[in-house]
Ligand code: SRM
Ligand SMILES: Cc1cc2nc3c(=O)[nH]c(=O)nc-3n(C[C@H](O)[C@H](O)[C@H](O)COP(=O)(O)OP(=O)(O)OC[C@H]3O[C@@H](n4cnc5c(N)ncnc54)[C@H](O)[C@@H]3O)c2cc1C
Ligand code: SF4
Ligand code: FES
């Protein structure tokens, strides 16, 4: 006998409602599922909402689609919220008047931002932050604002403040309580966090009770506080806590908590056994769980009501780790030390702005809670001590003290199989081992099979450690292949190409690889081939290997146009050449900017115009600047002894010599250099891959410095070198780096990973301990001798230039490329400007 | 019935790479691939849904597991050349049929 399917209706299609729907649809339960979502779009990733301010498209947040639901056999109805539940008839009625009958009803209505009842708090310019639609309103308001205030200094409020900061506003945070993130942090942690975000330019006002919002004099509004102070602003975003959407349940007479929330039991059942509630609208054990992982656990418990398996929701851990405005913040368990008899250790470093607190039980052997601000490197370990009740070391303080010799590191081996590795997807260490048992054999497989690390991503490092350990245990080699097509590291590929005299990708693939290659191995091989043989990179057999930037010999911009950066060696340029750059930019309507590398970038050129533009530049004596390539970029200089009263050597001449010598040299990552004329170091040579500083007796060479994401001060490598010694040392250094570095590894990271470190590098390069000095120099000489300006070759070769046209079958340009004017120069139109009818559009295709 | 439109000669598309073609108002990315010694052609939408730029034709092509793919040149998502499906996200690009008639490359509408 076949069972009649149960009619399940899910109200709310947020993160938890979606998780439930997907899991139920994929289970063996005999059900028909109808989803009713109040928002116009299917479920999306609210946790990463703020990334839209950093450039992500709202569409990228989608967790599902109408088509995906259709394919699962789920009926979905969006943009029409449920307005009433009829428990007698077992049906729900939407605002639009539609009626859906249910056998089981699941409420997943989530929560909404609480707006304190402040007179004037409902005027235009007062907003909240929870949905994609809210994002649009915040962006629109910010476009006409100079100043923005976030009311609420909790987790979401600070995230919102970061968004306002990103939108270019003078940003204020107004908090009622005396500290920031009072739920997760203790006083000390809150103070350190405040210090750090104030340093980023956010104005923080604590212990402020807003009394009313009136018209301002300088700005649209003025907030008046209980202490009689005022703050003027153009917009306000309220983020003063969340409230469960429980109105439907209230009207239907379901039991609610005193301060709201739909009361549920272990099975997620409400006071009506045909109605379940999950996610942020549900109250369990007197608590609302305002995080996504507990919501997912509730969804799974609710699904088990429909299947043979019975899971109970047992409450959930609320520990969090996040990056707020680039500041690491972590909070575990009883962060405030409320447990009677608990003991705490605090470490505070005001110079490095790091604060850590450890809360331990009276017996001193179990972790109860922790606060980390400014450095979360211990978070994963501490969380495992906490969650798994692992015995603490005899001196628990060693867990948070910096650089303690022999501080116990909680490796993967110390964790029990039950240890949760990914809390978003509830994956334990045992689950990972299980996935290996059924055939997974890499980190990628594990992610695919268990979903671990595909939620908030916070567990990525721990997951990798566990996977690596598991592989070692099983005697599997940890995979260091660059991709699925070549079972080799970049170093090994380099040797295979050099020793096997391999000249093109197809031969390499045939001899040592499989499949067709991909966007990882192709550009890597292209770079190695160029380092070894220095062919023209757009030769037919190399063209398809190049990253877009290399293939068009220009950097692709966000709207599909390109930028043009001619070489200006050492930053020295004649007035005549400057005028040419100006004329070209004017004639092609290019945005012009002086770069951080002492040269000039012309932006917004259409692909099809590149050959003509370069023809003009080359005719005036310019050559390519390789801004698009993983190769030498710029060698910056200071004016040096020619003009400067302190200069001891001609740093400009040396910079030009160096730049001309290594220009066009393809390497694992880009290379930058600088030459300063004296120790005042105006060229910032100590932040470069190789930097040179003049001394009374010659040149000092510094290596492996880096600006960028993780700055590293260069190390002094050799002192008082003559011109010849300097060039010889750099030749060897660069070629050794090219031979041995990983793909996309700057010299700084390379040195940090080089076994033996700086001393080993000195031995190889300065003392020739491997007897490869002459070989390295000869290899460099070959590259230097075969230099060509790629743009000259391209322009001279008319056939290739045809390939820069946007279409193969039409002279037209890309109609998607639209510019508007800002500060008297063109810039790409935003999507909104392109779609709307803006009158000041400059040009389209 | 299919309408075939000639867009270019085979040699206009360098082997193992792509070019954009205009079909009416539609931008199509056409790829020429040597797969196990056999030349194959594929056509998918030239519009990159992640960056909003019309640049798919400028991506690097290759294979991942058993699928032929192109990597978006902007944020590097992979799209299956046969089905247009994105491997990382739930997004689908339109696909067209391509054939060669002698030296002509033709896209089917
Ligand atoms: C144009 C310029 C910014 C400007 O307007 O000043 C710039 C622009 C870009 N930089 Fe830069 N960087 C520019 C100077 C710098 C500097 C300053 C310097 O060189 O003195 C740095 C820090 C120094 C350093 O590299 O150590 C810098 C550190 C980066 C990084 C981080 C590298 C790192 O190791 O952390 C990236 C990302 C990367 O390479 O992966 C990057 C990447 C980029 C990219 C390629 C991003 C991209 O993928 O689109 C930008 C493309 C430019 C274009 O389309 O032409 N850019 N970038 C500067 C060009 C200099 C030049 O004349 O060639
Ligand atoms: C900016 C931001 C950052 C966050 N960061 C994190 C983080 O880093 N980590 C973390 O764990 N959590 C984070 N959260 C919290 C997380 O997003 C929530 O815990 C999670 O979304 C809760 O899921 P839910 O399905 O219960 O509610 P929601 O995602 O709010 O979904 C509820 C849905 O139900 C709809 N609905 C309401 N009433 C009705 C009705 N009557 N009829 C039909 N539909 C209705 C709503 O419109 C909504 O779409 C963040 C939240 C925000 C806003
Ligand atoms: S810092 Fe460099 S990479 Fe970042 S936006 Fe500016 S130019 Fe681009
Ligand atoms: S803990 Fe969030 S993805 Fe694993």
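Cβ from N, Cα, C; glycine included.
Among the features that TrEMBL reports, domain 'FAD/NAD(P)-binding' is placed at A:7-304.
Sequence annotations record features per position, and here TrEMBL assigns domain 'NADH-rubredoxin oxidoreductase C-terminal' to A:319-384.
When Cβ-Cβ distances below 8 Å are used as the criterion, the domain 'BFD-like [2Fe-2S]-binding' (A:421-462) is approached by residues 47, 292-293, 296-297, 300, 317, 321-322, 380, 412, 415, 470-471, 474, 476, 479 of the same chain, each at least six residues removed from its ends. Here TrEMBL flags A:421-462 as domain 'BFD-like [2Fe-2S]-binding'.
What TrEMBL records for A:557-619 is domain 'Nitrite/Sulfite reductase ferredoxin-like'.
Note on the domain 'Nitrite/sulphite reductase 4Fe-4S' (A:629-754): DSSP counts are 43 helix, 35 strand, 48 coil. Marked as domain 'Nitrite/sulphite reductase 4Fe-4S' by TrEMBL: A:629-754.
What TrEMBL records for A:822-845 is region 'Disordered'.
For the domain 'BFD-like [2Fe-2S]-binding' (A:421-462), the model's pLDDT averages out at 83. With helix defined as DSSP H, G or I and strand as E or B, the domain 'Nitrite/Sulfite reductase ferredoxin-like' (A:557-619) counts 30 helix, 14 strand, 19 coil.
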